[in-house]
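Trainee: Following this message is one structure expressed as structure tokens.
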């Protein structure tokens, strides 16, 4: 007998050919859909593990816009692991190989954390420099932003805060004009608009020409990918490069967007690219998603300087499959990323957080009422924003506007820059505005918002309650205008063809509302310090109300309403600001915001965009409350023809004809058309690859060659002139997930969610009736929700 051994490499059942003169059969062995449940090592028809042999390229992989089979991929990894453990005792090389396999996951997340921290530092520094470039330049060192340029100055912090640092030149001074006056204002206005247009046009052009997937936030797509969907190129190297550069440009253009959401996409791109250095993760889609979950945590960690919040964000918001091992690695990855970013120190201070708060006043029990009120307001504003943004995005997709993405970006940029410049609170970057709103008024803070009638006789003296001056009232009106402006512009900005996040704009909406409410409460305490509401805390005249705290709570409320985050939001907020003692107000606002948001709309912004784009995402948070059965959903319907393969009566030509006439991603294998008892399931892709390899490598293969999905010969002996049959048993999954036709759909949907199924076979008394795929489930749910079932994206 001339035979090539049947092998397994890295746990995959192996791919070689054997021609046996005993039974005159051509046997092509490969992995494909076999799970560990269907493998019996003593069965001569199943390959044993070996270390040699050539793999058939592509077997076990997935095509674009298809969902993965979690059960198969996890089983493949267990088989690979058992094989390595079994070989560890054979030699020193196998022992080292086993040790490498054990720590490769930790090394991978270490590299992801380091690389993510470096990318975040570069993006922060670049965005800060280009944002300040709209206002002026540092002639002595043009690569420094305004803050860094003024570090070398001996001038006071006061002059720096109001922008009078002599080291930094406004564009009017660069062009030979004075710093103040109408001419300086006009020159500054024109340069602001010109730089914004330049940055936005570059960002849109780069995205359109090199990486269309680099636009938007990326979190809806990341959630879909982590649920087991394949989007080729979405986490590739070009997307990483263009998203990073485009993000700096889009933020610097002054558009109403943030860089925090896209940082999750950038981190996942890094995780995807680095996972290919480790075949354990690069060749197994289910294992790769463990690295992507850790990368998502690192993305939030470097975006906000909140490593614990990043882990909880990955667990609560984006990850679909999150075992304890992934939790540990996510924590480690987020820690490394935060450490690297802190070492780079892009903010130029000792704090690794964006909006460090310096107040530590206790809050009064009654203040829970306005905190919950802020949560309700945040939920209402979030619901209005989500509906308006979805309406505009739907219009963009269905109208001619979607054909001109660059023009749309330029128009929105011009409108944003022209309206933003006159208002100082919209002219500054959104992060600076949030920091200003979070700050406590003191001696050195001379903004309009801190124009109180106070007499500071001693810098170190405590700040007391004081009446608001005219500057405070002017600031309130400007903030109201800024809120309306940013809310409207963000509706049109989020979803454009540039990298754009929603975390910072959402925080800004809430921070403005919170500051206004906080100033109102502060003036109430000043005018009526002895009323029972304040429990006597304000009767001594001390500063008992902190408007910055209200701003912080309001920011959490709106962000919670927009994203529907709860636990991770609270942790991100107190890590973001350092205000650990304000966890209870943040929790109250976050829960109120979520309840109100859920009452006004069932989805957060990311889930809403998943539905809008038709991504195949089964949300584990939703319940299936209908009383239908599997027979109502399965394909084909009753009295329709089922596309199947038989185990020993179809020829190569029959199989190829079936694949040409159908578009199914896989085929059930039955005993015979007369006896439709289920044998197993074979994927279309694996069948195609196996037939193509057999045509190249086997000379005796003919169109009338029998295709056998069993190790035994057919019952009737073949004629002497007939060609040798082709044995494809080893691409067959002999233990597919099956249900009966009377299984409630509630159970079926739960199986798809928790087991990560790609399809399940429907039987009745052991006989095959049909197939239910993930696409069938999604379409059925959309039909029940009175939505168009044809919007489901994948094949």
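Cβ from N, Cα, C; glycine included.
Heads up, here are the entries from TrEMBL:
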- 634-698: domain 'CBS' (DOMAIN)
- 732-789: domain 'CBS' (DOMAIN)
- 103-125: transmembrane segment (TRANSMEM)
- 189-211: transmembrane segment (TRANSMEM)
- 231-251: transmembrane segment (TRANSMEM)
- 263-279: transmembrane segment (TRANSMEM)
- 291-315: transmembrane segment (TRANSMEM)
- 364-390: transmembrane segment (TRANSMEM)
- 402-421: transmembrane segment (TRANSMEM)
- 475-495: transmembrane segment (TRANSMEM)
- 502-521: transmembrane segment (TRANSMEM)
- 549-574: transmembrane segment (TRANSMEM)
Trainee: Under DSSP, the domain 'CBS' (732-789) has how many residues in helix, strand and coil?
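Mentor: DSSP classes over the domain 'CBS' (732-789) add up to 23 helix, 18 strand, 17 coil.
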Trainee: So which of 231-251, 291-315, 364-390, 402-421 has the most C-beta pairs under 8 Å when paired with the transmembrane segment (502-521)?
Mentor: 364-390
Trainee: Decide whether the stretches the transmembrane segment (291-315) and the transmembrane segment (549-574) have at least 3 CB pairs under 8 angstroms, with pairs required to be 6 or more apart in sequence.
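Mentor: With 3 or more qualifying Cβ pairs, these stretches touch.
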Trainee: Which listed stretch (103-125, 231-251, 364-390, 549-574) has the most C-beta pairs under 8 A with the transmembrane segment (475-495)?
Mentor: 364-390
Trainee: Using a Cβ cut-off of under 8 Å, list the residues of the same chain at least 6 residues beyond the transmembrane segment (189-211) that approach it.
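Mentor: Answer is 130, 133-135, 171, 236, 238-239, 241-243, 245-247, 249-250, 252-255, 405-406, 409-410, 413-414, 416-418, 421, 427, 496-499.
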Trainee: Summarise the domain 'CBS' (634-698) by DSSP state, stating how many residues are helix, strand and coil.
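Mentor: The breakdown for the domain 'CBS' (634-698) reads 24 helix, 17 strand, 24 coil.
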